[in-house]
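Quick one: structure below, then a few questions.
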Amino acid sequence: MAQEYDYIIVGAGSAGNTLATRLTEDEGVTVLLLEAGGPDYRFDFRTQMPAALAFPLQGRRYNWAYETDPEPHMNGRRMECGRGKGLGGSSLINGMCYIRGNAMDYDGWAKLPGLEDWTYLDCLPYFRKAETRDIGPNDYHGGEGPVSVTTPKAGNNPLFHAMVEAGVQAGYPRTEDLNGYQQEGFGPMDRTVTPKGRRASTARGYLDTAKKRSTLTIVTHALTDKILFEGKRAVGVSYLQGSTEERVEARARKEVIVSSGAIASPQLLQRSGVGPRALLESLDIPVVHDLPGVGENLQDHLELYLQYACTQPVSLYPSLLWWNQPAIGAEWLFNGTGIGASNQFEAGGFIRTREEFEWPNIQYHFLPVAINYNGSNGVKEHGFQAHMGSMRSPSRGRVQLKSKDPRQHPSILFNYMATEQDWQEFRDGIRLTREIMQQPALDPFRGREISPGIEVQTDEQLDKFVREHAETAFHPSCSCKMGTDDMAVVDGQGRVHGMQGLRVVDASIMPIITTGNLNAPTIMMAEKIADKIRGRQPLPRSTAAYYVAGEAPVRGKPMRDVTPAAQ
């Protein structure tokens, strides 16, 4: 006899945990939350210590470790596509950068038919609802939400301050809050870390409250194989429990909600018979509903590291040496303080590279050490780096099922750098970053350019560097987009077109990727749609002011002009 619940949520990640928590706030509403990974072990420093963020990306316990097909514009490289596995999903292994995106992202969504209630001022109350910011609430920030947000503090690494000042000296705006009135410019970067220095995943923030409720059933190591249908209505799921091949069925009285992320959500829909007819028929999967957009429109952020030697011994290089790590770990474990308590992304910025961009098209994360995001290729000396990436690439990829076997990864192609705009943005971005790095604020610290290296100057040389060294920022999205056009998969409430009792709620339903990291927007979307599912009135629209660049120039006069013309 299959167990029966009101709602079945597939995926205990940033969206799924938010939904499970909010839906079970209503008395008597029962929810089954299925997670293919394991628990979020609180004693495992790899997922709980912010500074250890590279560790989960190196293994398979917490990471699906997908790979792309050979990327045609990236020398045919198979590129990493890490996704979180375990309670918390990608909030269990991400870089913990709390960035909401630009107000214009959401106003842009709201111009699309059917998405009129996704303006920034409609979304802002849900960002606030989800958040508790350590320095207190205001018009932009919450004080009572499940997500702990920590702001950078005085006395942190001097390189953070110097990099922000260098951005301002290069002629760009200063902003005190990248999630407040004005995203554009350089400033401190908030992080999803608790006041005790622990990673604030959605498992910690949401599930710690909800899992005490008898109406919420959480099953880990449960890999969902298929959504079950009667006609066009979703009525349940079948999943594999543990490492066995035994299938367990569960029934949903109201809805099945797919929150498996931008790779696994389209994969599950396709495996269940909802997707492009030709693809399903080629795999001998009975077509429940021909929906051509499932798995299409895939987007991501691509980024580069520009690395510099540091002439003063202030970088985090010593913390990479094994003999220094026990003391760092002990301070974090017992006091929740020190290097271990920060993700070390405490400064960043957003700029427009050209006047034709209405809002920023480049994001910076600054890091006071020279190392790859996944912890590899650390430079054996004091150094620092800027992560520089383009925000709204016109390139589009896709996710396609390769097999009926739920354990086989799908075919993933982001089609990175497929347009001339991509190449222009990266060339501009590298050159502008070099101008920023040459400003007086970094004079006390700046040594030689380690990467790309000062000899890399022409368009052709820069393009070669991008092809060989650009990496994902781990922001896959948009593969089950909201909208009303022929390629839309869901409506503005996440309901799958042409189906009943079936929703998708996660980063895959974004129509266009947002300007920045995706964890905060994903949680916001789940908060907003949770109210729709519960039949509640939406939170009142915000009246907060927000910055629109309009005719404002991209930048002012730099303090030190280092362009070739000036030389």
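Cβ atoms here come from the backbone N, Cα and C positions, even for glycine.
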When Swiss-Prot marks a stretch as region 'Disordered', which of 72-93, 182-203 is it?
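Region 'Disordered', as annotated by Swiss-Prot, spans 182-203.
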Measuring Cα to Cα, how far is L34 (FAD binding site) from H475 (active site, proton acceptor) in Å?
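It is 23 Å, counting Cα to Cα.
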For the binding-site residues listed here (D6, D26), tell me which residue's CB has the most neighbouring CB atoms inside 10 Å.
D6
List the residues of the same chain that sit at least 6 positions away from V10 (FAD binding site) in sequence and have their Cβ under 8 Å from its Cβ, in sequence order, or write 'none'.
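Within the chain, V10 (FAD binding site) has Cβ neighbours under 8 Å at G16, L34, T224, I227, V237, V256, I257, V258, S259, S260, L268.
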Using a Cβ cut-off under 8 Å and a sequence separation of 6 or more, which residues in the same chain sit near S14 (FAD binding site)?
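Listed in sequence order, they are G88, G89, S90, S91, T202, D506, A507, N519, T522, I523, A526.
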Test of understanding: give the count of other CB atoms lying within 10 angstroms of the CB of T30 (FAD binding site).
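20, counting other Cβ atoms within 10 Å of T30 (FAD binding site).
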Taking only same-chain residues 6+ apart in sequence, whose CB is under 8 Å from that of R22 (FAD binding site), what do you get?
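Within the chain, R22 (FAD binding site) has Cβ neighbours under 8 Å at A526, E527, A530, D531, R534.
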Out of D6, T18, D26, T30, the binding-site residues in the record, which is closest to H475 (active site, proton acceptor) when you go by Cα distance?
T18
Out of T18, L34, H475, give me whichever of these recorded positions has the highest number of other Cβ atoms within 10 Å.
T18
